[in-house]
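Annotation comment: TrEMBL describes Thr117, Asp192, Glu217, Lys247, Asp251 as substrate binding site. Among the features that TrEMBL reports, NAD(+) binding site is placed at Gly283, Glu284, Val285, Gly286, Lys287, Gly288, Glu304, Asn407. Under the heading compositional bias 'Low complexity', TrEMBL lists 26-45. Residues annotated as domain 'S-adenosyl-L-homocysteine hydrolase NAD binding' in TrEMBL: 252-413. Feature annotation from TrEMBL assigns region 'Disordered' to 1-65.
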Amino acid sequence: SQQIQFADDMQEFTKFPTKTGRRSLSRSISQSSTDSYSSAASYTDSSDDEVSPREKQQTNSKGSSNFCVKNIKQAEFGRREIEIAEQDMSALISLRKRAQGEKPLAGAKIVGCTHITAQTAVSGCLSGGLGWDTSCSPGKNLISSEWVKARSVVQKRVAVFAWKGESEDDFWWCIDRCVNVDGWQANMILDDGGDLTHWVYKKYPSVFKKIRGIVEESVTGVHRLYQLSKAGKLCVPAMNVNDSVTKQKFDNLYCCRESILDGLKRTTDVMFGGKQVVVCGYGEVGKGCCAALKALGAIVYVTEIDPICALQACMDGFRVVKLSEVIRQVDVVITCTGNKNVVTREHLDRMKNSCIVCNMGHSNTEIDVTSLRTPELTWERVRSQVDHVIWPDGKRVVLLAEGRLLNLSCSTVPTFVLSITATTQALALIELYNAPEGRYKQDVYLLPKKMDEYVASLHLPSFDAHLTELTDDQAKYLGLNKNGPFKPNYY
């Protein structure tokens, strides 16, 4: 099989200027927000909810009790869903096969914090084949934990601390249990949102003495890393996966283009034809949402702060407006900005009856949900992840997932797209872990296009796609290497 050489063949990651502005976010968890649509839900029983998983004593099939999930006995159901996900994650499996001989992550002890889904379970289980220590590696939960999958990962001797319905206190407890382990200390961090990195800085700063690097995939976490770098407090190298092409152009765009409709349909049964929808933000996520809604006949408005993104929206046929100009007439409001307080109480007060409000950005800061928890408003739970917020005059606003991520809370996300992101993360871990001392300073780095193109090439066989090869003369004319990279680093 083809051998992979990461540190030697790939150009050094391009350092991203730390002065570039990033939007800040925070993340919090509530029990109702952690309910998620999953086929696993049908396998639960009421006894699971009577006792907190933190108070249970459980042992997996390997005899280990280093995990915390609701009921390890139901791991078989999770295994079946993971097997389904594996069918559409062939690139990650291919990467494992190509690198199996050299074990590029041999000796790596990875602690992580990410969404527990069938797809991330595949990533955790398969990447163990790259050599990392999976006996005590990432275990965690965010708002969309599909806990039956978590149980199956536990059976693979990955220490998972996650369950459906955990509180914010439980969330931080789970992170602490992953970091503070007797006889085991992580040397790599895999984060999604910066919560794990924040916790280590706050509670266990000495851990960074052995950490070789951080791999971060979200806009929130990347923003926090740039803040640390700018303040001179980032003490290890960090890889910005979020701004890689294989994350931005695929996970953010194509994933949201499909999952926005899935989440809205599952929760509200809404018909989109003729509906007026305002999408706040026309970045990659906003572009995906707008394309899907337009295809189903919705009348779509866009709000933007960036004149370039606004012009793109205009050229794509959308009317760019201020939210206040259309808030009284729209049927659906979708936030995709990554910012805070995009939809305020003033906007919510002016919405029409039965207006649907949801978030496709990141975390739970885009919609000012806190302002709705006042005595004069009544909250009515209609179904899982669907609340009617009722005003004194009888007006109802339909709030989905309490303002948290719609697709991860209320539906599923396409496995194939997550395969692209997971493969990119794996390669970033390999590069950071194997890089010679001094190659990467205590700063934030972008993925090189060579790595992005390699990730893309691993997924092309799924479509039976055949790349055209440049002739020597053509390559010389373009000033390119025949084997790439074909795009500049700023692309």
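Heads up, the Cβ atoms here are built off N, Cα and C, so glycines get one too.
On a predicted model such as this, the values are computed, not experimentally measured, just so you know.
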- request: Name the one residue among Gly283, Glu284, Asn407 whose Cα is closest in three-dimensional space to that of Thr117 (substrate binding site); these are the binding-site residues.
  value: Asn407
- prompt: Which chain-mates of Asn407 (NAD(+) binding site) that are at least 6 residues away have a CB under 8 A from its CB, listed by sequence?
  reply: Cys255, Cys256, Ser259, Ile260, Asp262, Gly263, Met360, Val413
Query: Roughly how many Å separate the Cα of Gly286 (NAD(+) binding site) from that of Asp251 (substrate binding site), to the nearest whole number?
result: 12
Query: For the binding-site residues Gly283, Gly286, Gly288, which one has the sparsest Cβ surroundings, going by other Cβ atoms within 10 Å?
result: Gly283
- line: As a whole number of Å, the Cα atom of Glu304 (NAD(+) binding site) is distant from the Cα atom of Asp192 (substrate binding site) by 25
- prompt: Whole-number Å distance between the CA of Val285 (NAD(+) binding site) and the CA of Asp192 (substrate binding site)?
  reply: 17
Query: Using Cα-Cα distances with a 10 Å cut-off, which of the binding-site residues Asp192, Glu217, Asp251 are near Glu284 (NAD(+) binding site)?
result: Asp251
- line: Neighbouring CB atoms within 10 angstroms of the CB of Lys287 (NAD(+) binding site), all protein chains considered, total 25
Task: Taking Cα atoms as reference points, rank the binding-site residues Asp192, Glu217, Lys247, Asp251 by distance from Gly288 (NAD(+) binding site) and give the first.
output: Asp251
Field: Rounded distance in angstrom between the Cα atoms of Lys287 (NAD(+) binding site) and Glu217 (substrate binding site)
entry: 19
- request: Would you mind checking how many other C-beta atoms are within 10 angstroms of the C-beta on Val285 (NAD(+) binding site)?
  value: 28
- prompt: Can you give the largest Cα to Cα distance in Å, as a whole number, for the residues Thr117, Asp192, Glu217, Lys247, Asp251 that bind substrate in the record?
  reply: 18
- line: Same chain, |i - j| six or more, Cβ under 8 Å of Glu217 (substrate binding site); the result in sequence order is Thr114, Asp191, Asp192, Val241, Asn242, Lys247, Thr421, Gln425
